[in-house]
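Going by Swiss-Prot, these are the annotated features:
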- ASP9, GLU58: Mg(2+) binding site (BINDING)
Amino acid sequence: MAIVGLGTDIVKIERIEAHVARSGDKLARRVLTEAELAIYIAHSQPNRYLAKRFAAKEAAAKALGTGIGRGVSFQHIHIGNTPDGAPTIRFTDGAQQRLAFLNGVFGHISIADEKSYAIATVILESC
């Protein structure tokens, strides 16, 4: 096994709150998959949830070496949780193609937040 990609992103939660106050759910609908959007809508702290998912997807795009764009969309990166609450990451479409190009087979993700910030790190691994 080898590391083929590493990415980290940090988001100021206040920035997400300001964007949502100005534009409603526009950012959430651009960043989140349908499954993630359903969780966001029902979440007790939706802006914090959105900030963590935004950081996670940006970190994943950095690990892929593309950033968002250039064939990789927010919609191609799916962030979930195990039954125990640990974050999971899954790639589809352009993100999956880029992972295959890197000979990657699996992504590891860590997401954390505190009062003002959300941060995520993604490690991509080959077999």
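Quick reminder: no glycine exception, Cβ is built from N, Cα and C everywhere.
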GLU58 (Mg(2+) binding site), number of other Cβ atoms within 10 Å: 22
DSSP three-state assignment for ASP9 (Mg(2+) binding site): strand
Mapped DSSP class for GLU58 (Mg(2+) binding site), helix or strand or coil: helix
